There are 2 protein chains.
Amino acid sequence: MSAPLIERTVFVVSDSTGITAETFSNSVLSQFEQVKFEAIRIPFLDTLEKAAAAAVRINRCADEQGAPPLVFSTLVNQDIAHEIRSANCTFLDLFGTFVQHIETALGMKSSHSVGRSHMGGLTKQYHDRIEAINFSLAHDDGQFIHGLEEADVILVGVSRCGKTPTSLYLAMQYAVKAANFPLIPEDFDRGSLPATLLPFRKKLFGLSILPSRLAEVRNERRPNSQYASIKQCRHEVAEAERLMRMENIPWLSTTTKSIEEISSKVLAEIGLNRRMY
Amino acid sequence: MSAPLIERTVFVVSDSTGITAETFSNSVLSQFEQVKFEAIRIPFLDTLEKAAAAAVRINRCADEQGAPPLVFSTLVNQDIAHEIRSANCTFLDLFGTFVQHIETALGMKSSHSVGRSHMGGLTKQYHDRIEAINFSLAHDDGQFIHGLEEADVILVGVSRCGKTPTSLYLAMQYAVKAANFPLIPEDFDRGSLPATLLPFRKKLFGLSILPSRLAEVRNERRPNSQYASIKQCRHEVAEAERLMRMENIPWLSTTTKSIEEISSKVLAEIGLNRRMY
């Protein structure tokens, strides 16, 4: 694959955080590999004055790049949307395009209210999510073994295989209480799971990684250590996978996967259907 | 506002993680307050066999609820999309609807490739993100003061005002190295910022919170303690806000805001334009 040849600025505009519009724009634009996109996020666009200023910025960009920029919008306020739409741009109205279909399907009108999905700092759901983050932090790397019975899932695997970011993502995005616990050389010598985990066998989910990748990651942390040597990494990974197979722990390899992919697969495997935030 | 009266199941289908489709469906459905939606996520829908099984599930749901369910799709593979579309549902094709507009605007064809936005566990961007998460974890709650010069932002505020989840979200979603540092009674007695922070004054961003809300949050942690008393909370919040004003530290109140809103505002205020993951 050759390097991107074209650079284009895109705008992400929203009455609220702009997170939905940005997530969407990232996904859809990743299908245009020939272009390098720079996204300019304009969140909390909630007055006509701000909209006018944003329109000026969009027009200036159109002049500079000699092409109308793409604008991904989740604007709900129609007056503000109209102001942006009047700029020299390709306006992609994410909500408007679908709200009408959904209204027809449901046989009711939408409330046209702004930014409700990331609101509600005081709701029960929000509280559960903060609790899950606190839980995952407290139970990172096996540091706190009390309360494991409250865990929705306990990730296990060798040091630096991706347990911590995955646990935090599960907590942050899905309010899943995800603990994680390292499998270490002592466990392999003994040939069994850490005793602490035995009562929670059904909650265990394993992460593994290619030894060559593990050696890279560990070398950044502790260059040229025995811990980071390919020999040690091969040994630990082989032993961890053997243990997980022996104990019938479901597991997956994180080597080429993003935190999102790992988390999504873990949720699917453990059969949790949680609302995403 | 009265309680929701109608319950409806929606499906979120994707060749990849389904995160984009789910984020989008949450946002747009939050505009239909009269309905309680339950989302069934079907990620990694990448074979015709899986698609046929999903179609059966959608049809069964249509029969049970007496109405065709909404299906939010980011399916890129057209054969798989066709299979789902043939079920009894209102099919909302998030990518297809916009890809053609974007192709026209850019004057080029999309690659129609699956799930590229959450891929690439081995890219530089991904590496930066993991580094940011590690940084934010290591610099949570002022626990590690070396390396603060590498921080993109240092959040300050009283204990339990929302610094930790915000730091982690900034790292996870934007690869921002976000440290956080508590403002404690000793600082207020002395009437100045912690000495550790003085060299990094320009990186500081304050979070505050209503005393009544802070007392609630602290009471869950340490019920009936002096730490959680409304008197103590009022005192700490007043002192922290005084200190932030005196030191010209930009700050905002987290009381009714979600992690997403706080993070989005912090990014806008400190002028960081980071790619979202």
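Every residue, even glycine, has its Cβ placed from backbone N, Cα and C.
Neighbour density for A:Cys161 (ADP binding site): within 10 A of its CB lie 29 other CB atoms from the protein chains shown. The annotation ADP binding site is assigned in TrEMBL to A:Gly157, A:Val158, A:Ser159, A:Arg160, A:Cys161, A:Gly162, A:Lys163, A:Thr164.
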Binding-site residues near chain B, Cβ-Cβ under 8 Å, from A:Val158, A:Ser159, A:Arg160, A:Thr164: A:Thr164
Around the Cβ of A:Thr164 (ADP binding site), the count of other Cβ atoms that are within 10 Å: 22
Neighbour tally for A:Ser159 (ADP binding site), based on other Cβ positions within 10 Å of its Cβ: 18
Tertiary neighbours of A:Gly162 (ADP binding site) (same chain, Cβ under 8 Å, six or more apart): A:Leu207, A:Ile209, A:Thr254, A:Ile259, A:Ile262
Environment of A:Gly157, A:Val158, A:Ser159, A:Arg160, A:Cys161, A:Gly162, A:Lys163, A:Thr164, the listed ADP site - residues of the same chain whose CB lies within 8 A of the CB centroid: A:Asn180, A:Pro182, A:Leu207, A:Ile209, A:Thr254
Count of other CB atoms lying within 10 Å of the CB belonging to A:Gly157 (ADP binding site): 29
Fewest Cβ neighbours within 10 Å, where candidates are the binding-site residues A:Arg160, A:Lys163: A:Arg160
